[in-house]
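As written in Swiss-Prot, here are the features:
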- His134: active site, proton donor/acceptor (ACT_SITE)
- Lys138: active site, proton donor (ACT_SITE)
- Gly8, Ser9, Thr10, Gly11, Lys12, Met13, Gly78, Thr79, Thr80, Ser102, Ala103, Asn104, Met105: NAD(+) binding site (BINDING)
- His135, Gly144, Thr145: (S)-2,3,4,5-tetrahydrodipicolinate binding site (BINDING)
Amino acid sequence: MINIGLSGSTGKMGKTIIEIIDQFKDCQISGKFNSTNNLNDLDNLCKNSDVIIDFSTPEVSEKLINYALKHNTKLVIGTTGLKDQHFKLLEKAAQTLPVLYSANMSIGANLLNYLAKKITKILDEYDVEILEMHHRNKKDSPSGTALMLASTIASAKGFNIIFNRDNRIKSKKEIGISSLRGGNVHGIHEIFFLGNDEIITLKHEALNKNSFAIGAIKSAIWIQNKPSALYSMQDIYKV
């Protein structure tokens, strides 16, 4: 039985993981951490768990990584809004233990990322723009998934990523990200490939949080026998 510690247990993702964990017979929730706990409680969470699934905040994730290193606890990080300092810490941790990070753990979003990379290389002369939409209470903007998609396309094209075009026209070598917030939207991401005579659109829409939670739990199971390294969902889904 795999003991999974859950960081961010009272958030939308944490609650969904708790609701569906019984679908997986080879793992169980061994401990929970939420915003009402003291950050030092992460010590016991790591000590009593084989792997931690983290959907919390950048501040909590940073503390969690340090305790995971102390107890050699595997990590599955889905927290968004991380900065360079956090990614450097993830890379450091991955030298000692297996770590999986992804801004989106659904198979659909990762397939979208795969298709975007393939199409980008074919549609070399097309402009590319990304639109993402989430519920009114989402804290980070643009979303981690939008940044993942933009980074994939930018790497393939050699483009820059921008978030604001006040009083200037679009440059040929840039990808713009637009964010909408409202209602109870779980997550919509659209990639527009804009040519002179046609527009090609790729779209992924999450109907609920289940696909993200399933991906997180599968990641926690998958990572058990893996060597120390920094993994992504592409390693699991082979895309």
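Note: Cβ is positioned from N, Cα and C throughout, glycine not excepted.
Note that the coordinates shown come from a computational prediction; the quantities given were computed from them, not determined experimentally.
All protein chains considered, the CB of Lys12 (NAD(+) binding site) has 17 other CB atoms within 10 Å. Classification of Thr80 (NAD(+) binding site) by DSSP places it in coil, neither helical nor stranded. Those same-chain residues not listed among His135, Gly144, Thr145 yet with C-beta within 8 angstroms of the centroid of the (S)-2,3,4,5-tetrahydrodipicolinate site C-beta atoms are Thr80, Ala103, Asn104, Glu132, His134, Lys138, Asp140, Ser143, Ala146, Gly187. Ranking the recorded positions His134, His135, Lys138 by the number of CB atoms within 10 A of their own CB puts His134 at the top. For Gly144 ((S)-2,3,4,5-tetrahydrodipicolinate binding site), the nearest neighbour among the listed recorded positions (Gly8, Thr10, Ala103, Met105, Lys138), judged by C-alpha distance, is Ala103.
Looking at Thr80 (NAD(+) binding site) and the residue listed as 'active site, proton donor', their Cα atoms lie 10 Å from each other. In terms of Cα spacing, the recorded positions His134, His135, Lys138, Thr145 that come within 10 Å of Ala103 (NAD(+) binding site) are Thr145. Largest Cα to Cα distance within the recorded NAD(+) binders Gly8, Ser9, Thr10, Gly11, Lys12, Met13, Gly78, Thr79, Thr80, Ser102, Ala103, Asn104, Met105: about 20 Å as a whole number. A separation of roughly 13 Å, to the nearest angstrom, links the Cα atoms of the residue listed as 'active site, proton donor/acceptor' and Lys12 (NAD(+) binding site).
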